[in-house]
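Pulled from Swiss-Prot:
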type: ACT_SITE; residues: Ser188; note: active site
type: ACT_SITE; residues: Asp423; note: active site
type: ACT_SITE; residues: His476; note: active site
type: DISULFID; residues: Cys256-Cys268; note: disulfide bond
type: CARBOHYD; residues: Asn148; note: N-linked glycosylation site
type: CARBOHYD; residues: Asn262; note: N-linked glycosylation site
type: CARBOHYD; residues: Asn407; note: N-linked glycosylation site
type: SIGNAL; residues: 1-30; note: signal peptide
Amino acid sequence: MARCRRRSGCTAGAALLLLLALALSGGGGAAPQGAEVTGLPGFDGALPSKHYAGYVTVDEGHGRNLFYYVVESERDPGKDPVVLWLNGGPGCSSFDGFVYEHGPFNFESGGSVKSLPKLHLNPYAWSKVSTMIYLDSPAGVGLSYSKNVSDYETGDLKTATDSHTFLLKWFQLYPEFLSNPFYIAGESYAGVYVPTLSHEVVKGIQGGAKPTINFKGYMVGNGVCDTIFDGNALVPFAHGMGLISDEIYQQASTSCHGNYWNATDGKCDTAISKIESLISGLNIYDILEPCYHSRSIKEVNLQNSKLPQSFKDLGTTNKPFPVRTRMLGRAWPLRAPVKAGRVPSWQEVASGVPCMSDEVATAWLDNAAVRSAIHAQSVSAIGPWLLCTDKLYFVHDAGSMIAYHKNLTSQGYRAIIFSGDHDMCVPFTGSEAWTKSLGYGVVDSWRPWITNGQVSGYTEGYEHGLTFATIKGAGHTVPEYKPQEAFAFYSRWLAGSKL
């Protein structure tokens, strides 16, 4: 019945039933009181669709609260898919996606480090065709927090459980979206978040958890998956991209026998060290983008961590306002892919990852008026917003994601694995290899996919609704580098069309 309020043409009987439901429930399917965002500092004019934001408490006893920001679809929010977006890290805020990738606005720097950015409508926002939920997860990330600091010791499985609890409570708050198709999407370390959360959602559906979520599938971009596939992807990628010579590649291939990330043989170790030195000057998030190299590296404090001053230089993307100077998701050094046990914070591995800064997002999200407008706790209450935090003690305890992908797709849940083909952080070579390893038959042979008459990448379709796709010229965060192409494959895939 809540659907009827979104569209004209309701029958008199339906309208009467709606009024009765509203009278009995005190609001029916409406969003929770006080959740609507009516305006945003830095943006002039009416919002292009309804926005909502706030907290969902996933543990009352500990006061563990997850922050969300919802952007209703600009097309038909009553029917369009609902998509939960998760950034990676672990420990990185999903406002990364909102500000720098596929949110409703393009952010233009205000001119100085702390000045309020100007917001302009993004013609390639994913909210053009879907309702987006941006979730900061787990607690301690972005604007999410807990009153019990022990909650900041967490891992894959606990994060998935909390995120599932969030979803069940969120759909209770927004029941008008229960019949919409629901998808989970993310990038980088969300290559772990997405399948583990999808597994929890499916398990909940099968176990009778209420409300019943209309889960249809998931999306993973340049995502972490498996220690062996991820760890061995970089050397073939570097060779294919012309970063290392045939001779160097053959030396590594012969001495390492394909096991590049866990070199134990002396000759293999020498070969890998040579490759590391050759690629060390590149922007790992997009090998085409520039990096600043200073003769003397100065150190700057960020919270309780130290980062080289060289992380402050500007790269370029296809965004109209090139305000992003930090490409941050998760940069795994060649010999340190995700494996069982504690995952180092991004600050601990950052010394090998140049080209970093996030002043625009920080200036906006730490502005008192913005915090008030989006119903977030103040800086004085929960601290400043950080793109990626180091307060978590995070454990990778879910193992390889291959079994998760196999289980989900074999049950009929659609999936697309997409990769920016110039990302050296999580190279497409690894994603393509593990996708093939699932053993599904090919139903749409490898071919280019087209946007505006131009090749935008390559794709291959498999049985059980599985699709693999590359995005030509894109880096680690695909919608940031190639917003138009990203919107094209996203909208086509959601609609069930071929890329």
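Just so it is clear, glycine is given a Cβ too, placed from its N, Cα and C backbone atoms.
Taking all protein chains in view, 14 other C-beta atoms sit within 10 angstroms of the C-beta of Asn407 (N-linked glycosylation site). Residue pair Asn407 (N-linked glycosylation site) / Ser188 (active site) shows a Cα separation of 21 Å. With respect to Asn148 (N-linked glycosylation site), the closest of these recorded positions in Cα terms is His476, chosen from Asn262, Asp423, His476. The recorded positions shown are Ser188, Cys256, Asn262, Cys268, His476; of these, the one with its CA atom nearest the CA of Asp423 (active site) is His476. The Cβ of Cys256 (disulfide bond) lies under 8 Å from the Cβ of Val235, Ala263, Asp265, Cys268, Ala271, Ile272, each of these being in the same chain and 6 or more residues away along the sequence. Rounded to a whole number, the C-alpha distance linking Asn262 (N-linked glycosylation site) with Ser188 (active site) is 21 angstrom. By the criterion of other Cβ atoms within 10 Å of the residue's own Cβ, the least surrounded of the glycosylation sites Asn148, Asn262 is Asn148. In this structure, Cys268 (disulfide bond) is part of a helix by DSSP. Around the Cβ of Cys268 (disulfide bond), a 10 Å sphere holds 20 further Cβ atoms from the protein chains shown. DSSP classifies Asp423 (active site) as coil under the three-state reduction.
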